[in-house]
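Some features that Swiss-Prot has for this protein:
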BINDING   G8, L9, S10, G11, S12, G13, K14, S15  ATP binding site
BINDING   D58, V59, R60, S61  GTP binding site
Amino acid sequence: MKIVLISGLSGSGKSVALRQMEDLGYFCVDNLPLEMLPSLVSYHIERADETELAVSVDVRSGIDIAQAREQIAYLRGLGHRVEVLFVEAEEAVLVRRFSETRRGHPLSNQDMTLLESLKKEREWLFPLKEIAYCIDTSKMNAQQLRHAVRQWLKVERTGLLVVLESFGFKYGVPNNADFMFDMRSLPNPYYDPELRPYTGMDKPVWDYLDGQPLAQEMVDGIERFVTRWLPRLEDESRSYVTVAIGCTGGQHRSVYIVEKLARRLKGRYELLIRHRQAQNLSGR
């Protein structure tokens with residue numbers, strides 16, 4: 001049976017993610033105490049219900065991170081496919097969302113300010129984030145989060161999932177990256193008026209960067225680094241690794257390098273491609 005655990009920071013969009021799972025046909029349970037998870041799975045199996053499970057767990061249920069990891073290992077040992085999704089956002093964004101909704105933080109009744117509650121929650125959940133696929137919703141609306149969840153679920157995983165993500169430094173760096181590479185030293189197609197309207201997915205930009213020795217050296221170097229260290233992360237039972245590749249605006253160089261690297265890693269690892277700034281890309 002496939003089981004998806006959804007966790008993350010309050011105000012980051014866990015409820016939206018869970019509703020998306022429900023719309024996709026998952027049997028969803030919100031705020032389930034973790035000690036009840038094996039019983040829920042057993043009950044589901046006894047009913048001969050083939051519907052996949054999605055369960056939201058967070059600080060409201062007094063989540064014990066050590067227990068969470070034990071439960072995940074236990075269920076995987078029984079042959080179940082357990083995936084973990086962690087939803088987060090930047091602190092300033094969360095503060096704004098709480099202010100707009102006028103809702104209190106789940107930990108705010110413990111004599112803590114909102115900022116203190118957010119910091120405590122982030123520290124508390126960090127060990128769970130380490131084994132999860134992370135979605136940062138800081139610059140997302142509900143529809144974009146739903147799309148990100150659907151894209152993640154499309155990838156069939158049997159081993160380590162490598163997320164290759166392009167981004168623009170001027171919009172901020174992704175906080176869920178395991179490895180980050182800076183492409184701003186490469187020749188920039190943006191300064192060519194004929195190339196500016198395109199992205200790193202388009203043939204004119206590919207032709208331009210294919211002809212730049214520095215760009216090819218960069219791809220070679222990242223490929224060597226990634227293929228050197230990914231096996232070590234696999235040995236540590238990591239399920240997801242995010243490789244973030246940035247340029248100034250996240251439209252040309254970083255997109256090109258991600259796509260180029262994906263072609264080289266295809267067949268060796270399960271890949272998920274994300275372009276944070278280049279939302280509407282045409283194919284090469």
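Glycine residues also receive a Cβ, built from the backbone N, Cα and C atoms like all the rest.
Sequence features, as recorded in Swiss-Prot, placed on the structure.
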| residue | record | DSSP class |
| --- | --- | --- |
| G8 | ATP binding site | strand |
| G13 | ATP binding site | coil |
| D58 | GTP binding site | coil |
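Remark: of the binding-site residues L9, V59, the most isolated position is V59 (fewest other Cβ atoms within 10 Å of its Cβ).
In sequence order, V87, E88, A89, L94, T137 are the residues near S12 (ATP binding site), counting only same-chain partners six or more apart with C-beta under 8 A. Of the binding-site residues S10, S15, S10 has the largest number of other Cβ atoms within 10 Å of its own Cβ.
Listed in sequence order, the residues D58, V87, E88, A89, T137 complete the 8 Å Cβ shell around the ATP site centroid, once G8, L9, S10, G11, S12, G13, K14, S15 themselves are left out.
Residue density at G13 (ATP binding site): 27 other Cβ atoms are found within 10 A of its Cβ, drawing on all protein chains shown. S15 (ATP binding site) sits 14 Å from V59 (GTP binding site), taking the CA atoms of both as reference points. The binding-site residues near D58 (GTP binding site), taking a 10 angstroms Cα-Cα threshold over the set G11, G13, K14, are K14. Reported as a whole number, the C-alpha separation between V59 (GTP binding site) and S10 (ATP binding site) equals 8 Å.
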